[in-house]
């Protein structure tokens, strides 16, 4: 639809090509334009709020001051298309292409195995590319900063950082940039396993073929468009206006035009970076008829330095502010830069670099956000705001009155913020900033603070004091009364005590404060004051500002400089962020193995380069189909209610709306009895799908959902927590129970009995590609083509078939690749596919359904939260004789996979321990939350934490090291599990012993103890955990697989199998198998997709057996084909593969074969409590060392050593990637990830802004992974005796949790507190309970 007349022409460049647009809608973002209008789908959409980095592109503008183009990384989802006039945009397609030339950045991230599912990879590439364009030889600190705004759920970041490090000037690992030795060959502190000349000479550590990297030459990059240079240099910048259907965008060309516009439209918001307005518009549907962009006003970006301070234009970005501050700090005396240094420190943690490149100083100040990092510092630093209007200019203070929104101290109608003046600090003045956040990077603070003190010269007497906090109210809060009462005091501990009392009395945090966590925030108020006190003492001790004749002796006689002991220095330091290092060890292939045989070699993910160039096609990258419609879902806003009515009339009148899909439109089955596709009579949770809107565009569909009127009648009870469910006896299925021996009798014959509780929070899958599906109805025979992001296309096929009441053979489901799954794209994706299919049938047109991040998190469920209770009886030696564990999981409102999860949890609960008397019981609770579902590990990560917590408690009670108690209770010899399945624990002991040796646990524990004795405010902890993970489904039918292999007459081979590529590299492994069996190179082999039309009746790709079963099926097909070719090959042994294939065709020999693997026998009899539910086990061990900040609860991961039993690895690089990714995902579960719900059951932590998965800064500083040598791993069960590693590494992340617990115990010992403490129920494992536990 054409927009109203009067729009100007928008001119910008994309990948070197000029783009001219007249009818520009101000509501369209750069991301939408790139994907929809230009077809540049390499730029991905994952969150819509600028917080995940998948849509990162490079934005270049000509800077008049430096006479050079400025290249920055930005998130395209936040950039309004209207804002691009005069800019050049570079997407991943513009960096390099497989069809033309792959750029070194793209090549290195792929060859470094830095890509798994590949959905985040284009964003990673663009962040690295923008960094190199600005800093051709970056430092490692700059590398980490550049990637802080990019999220990855698969890899664990280590290989991505490794690829970036190859460009760094200060990197010297493994021979790069002039290093003479590999780190393996250098003597050190035990970081690396024994060297190549030692007992592990058959082990290999080279995952990255650095010698194959093409060099990078910065002089060969594309030039900035000369036309844009001329536009920037034009002395007259015209005003630009762009009109859309609902919004008009005006970009004035001069300050006078801006002020006049502001006077006429004082209510219109000013938009610079769109980092606040954009996400609000997306999440809240907030629309402003007029938007004013002052980005092109030079006066608003002017920087002036005078003798009294620094004046910075309001439109300067936060990234530019960092550069401005760095320059001033380097040029000015130290005493003048106190406020500047505090600001510079705070800026390093504000959002990600992409957002800092967009967000403006003025926007940050004027937002008055509660969680502001800068406003507390600016307030205490006595910053002033230069305001301007048509009536003139005025100056106001950024003080408590401005922050509180007092009218006389704020902007008046028609005014704008022109600049911010930051005064230079004075002699004897000290300014510091503080923050504590859920994550070290790219996270809003729980609490931030700015504090300033000025002393009477030559004394310790407080002359002026200012304290401000963010995160404790609706805006930045100051404490003027407390500060006033402390004036004239000396800087002593008595003053500190008084300050804490006064501040806690003045700065009150209401229980209903945004974000809650009142007790934790009050702890931080005091912690920051204490840290401020010590930092000022440290500065005074250094006599930094003293000049003759003023000396310490001329100070007041009532006070002397204290000599800060070294032990106190730990309280002064922030937790540092380091680029991780480490070694990845795996077994070399047999020297006798033919070089063309790829099995056992670290082959790059076969889609790696396509991921890195943006050429890998995901579901929503498929081109728009003729007459395609878009679907958006209408979901419940009540947790438990009767649906009185659904009125779509208003929605149907909106432009573009084609239909409303309700349960009445379903021709077949509406889901199951307890799990409806579309709600009918009542809703059971917030987020349950009621109906769907189908419209011409996705924007129209989403906007129309708010016009569907749903009337409810609330029902009781509303059950949200496990404790509520227990109280209401609200359960989804019968109790699952296993027993061994006689626990009651055993409890009578022990030295000690302990009882305890364990809480494990929920976890969001947070696959980078949200749920999405495209349904295309065909014109005859009720046929449908479905293109989906799913782990289980056969299940989607069945669900759609039953929903539409058509045979399975009319429904074909296609899966090219999936942008991460982790269990979340098994059952729930089928539900979405069925709803979209109903829309397609009703309208007779293709329907595309793509969930945004908030919708995905709201609807699809995640990992089951757990509440566990244990009773353990043990001897003084630490030997456990009896153990009784009761587990409850929060299953949500319907059954889904909850019964299977509780079964698997109970079956695997014993972990690595042989305890003669056991009783395990488990219940799945029914609550009014969205149904929780399958998730990597399937209950084991929650359940195993219970038994390991029990072991830790036993060790504390006995005064023994936890690893000694673990060893004492481990399986020793071939034995039977609690469910009476025999296995050999030999690989478990090898992993455990290897881990202890490589990590040097005794030596490092001694060093940690010595550190702890000297450091009251920083504590270190070490933990080692073993793992026995049973692989597979507990049902024989789920272990079967099929394959189809075609050999074409040119010798090329097409392989199809029933597994789905989720990022785990299953397609790569399958081609390695086919290459070995057919004896042809990988370059002749290809996998196109997974389709229910080629391989029917497939099993979900899950339970870590995808490569096992599909590998056997591919092997079977290839062996069939090779057997057919053998007579021809024997007749012509010198012939080529192509000649043999051609001869077979001439002799009418079939060159197509199916393969089939019947699977493993697996069963479980719950009545008898016995069976053989799993075909084999994966074993492993992990040791982690952490350091915690006792004042804030923050931690740093110093080192992790992992040893995994991978059998005979098909591809060590892929398997190590699975281990590292699972480990970090597990560390996230146990330490950073939090799901919060309102009392009404609404999800509060939706999207990456609130829900924090691990970032690159969360990787251990030293991360060593070893795949156990496979000498004794031969088994006929799996393909080439390999083992599935997709899930098992998840639990090893708990080693971080227990290391933190060990450090907290050390801190509590110092303070005379009990060591055996219970982690609070709220936010188990995050920094909040750790801080409170120490306090």
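Cβ atoms are placed via backbone N, Cα and C, with glycine included.
Listed in Swiss-Prot:
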DOMAIN    8-95  domain '2Fe-2S ferredoxin-type'
BINDING   47, 52, 55, 77  [2Fe-2S] cluster 1 binding site
BINDING   116, 154, 821, 822, 1103, 1104, 1105, 1106, 1218, 1285  Mo-molybdopterin binding site
BINDING   117, 120, 152, 154  [2Fe-2S] cluster 2 binding site
DOMAIN    242-427  domain 'FAD-binding PCMH-type'
BINDING   270, 271, 272, 273, 274, 275, 276, 277, 351, 360, 364, 373, 417  FAD binding site
ACT_SITE  1287  active site, proton acceptor
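Secondary structure of the domain '2Fe-2S ferredoxin-type' (8-95) per DSSP (helix as H, G, I; strand as E, B; remaining residues coil): 16 helix, 31 strand, 41 coil.
Long-range Cβ neighbours of residue 351 (FAD binding site) (same chain, at least 6 residues apart, Cβ-Cβ under 8 Å): 50, 51, 149, 275, 318, 359, 442. Ranking the binding-site residues 55, 117, 120, 154 by the distance of their Cα atoms from the Cα of residue 417 (FAD binding site) places 55 first.
A count of other CB atoms within 10 A of each Cβ picks out 120 as the most crowded of the binding-site residues 120, 417, 1105. On the 0 to 100 pLDDT scale, the domain '2Fe-2S ferredoxin-type' (8-95) averages 97 in this prediction. Apart from the site residues 117, 120, 152, 154, the chain places the Cβ of 115, 116, 118, 119, 121, 153, 155, 768, 819, 820, 1063, 1221 no farther than 8 Å from the centroid of the site's Cβ atoms, the recorded [2Fe-2S] cluster 2 location. Here is what falls inside 10 Å of the CA of residue 117 ([2Fe-2S] cluster 2 binding site) among the binding-site residues 47, 270, 821, 1218: 821. Across 270, 271, 272, 273, 274, 275, 276, 277, 351, 360, 364, 373, 417, which the record gives as binding FAD, the greatest C-alpha separation is 23 Å. When the Cα atoms are compared, residue 120 ([2Fe-2S] cluster 2 binding site) and residue 821 (Mo-molybdopterin binding site) turn out to be 14 Å apart. Secondary structure at residue 364 (FAD binding site), as computed by DSSP, is helix. Checked against residue 116 (Mo-molybdopterin binding site), the binding-site residues 47, 152, 274 differ in C-alpha distance, with 152 being the nearest.
Taking the mean position of the Cβ atoms of 47, 52, 55, 77 as the [2Fe-2S] cluster 1 site, the remaining residues of that chain whose Cβ falls within 8 Å of it are 31, 44, 45, 46, 48, 49, 50, 51, 53, 54, 75, 76, 123, 853. Secondary structure at residue 1218 (Mo-molybdopterin binding site), taken from DSSP and collapsed to helix, strand or coil, is helix. Using a 10 angstroms CA-CA radius around residue 1218 (Mo-molybdopterin binding site), the recorded positions that qualify from 77, 270, 1287 are 1287. Once Cβ contacts within 10 Å are tallied over all protein chains shown, the binding-site residues 47, 154, 272, 1103 are led by 154. The Cβ of residue 270 (FAD binding site) lies under 8 Å from the Cβ of 262, 292, 293, 294, 362, 363, 416, each of which sits 6+ residues away along the same chain. The CA atom of residue 152 ([2Fe-2S] cluster 2 binding site) is located 17 Å away from the CA atom of residue 77 ([2Fe-2S] cluster 1 binding site). Cα to Cα, residue 1103 (Mo-molybdopterin binding site) and residue 52 ([2Fe-2S] cluster 1 binding site) are separated by 28 Å.
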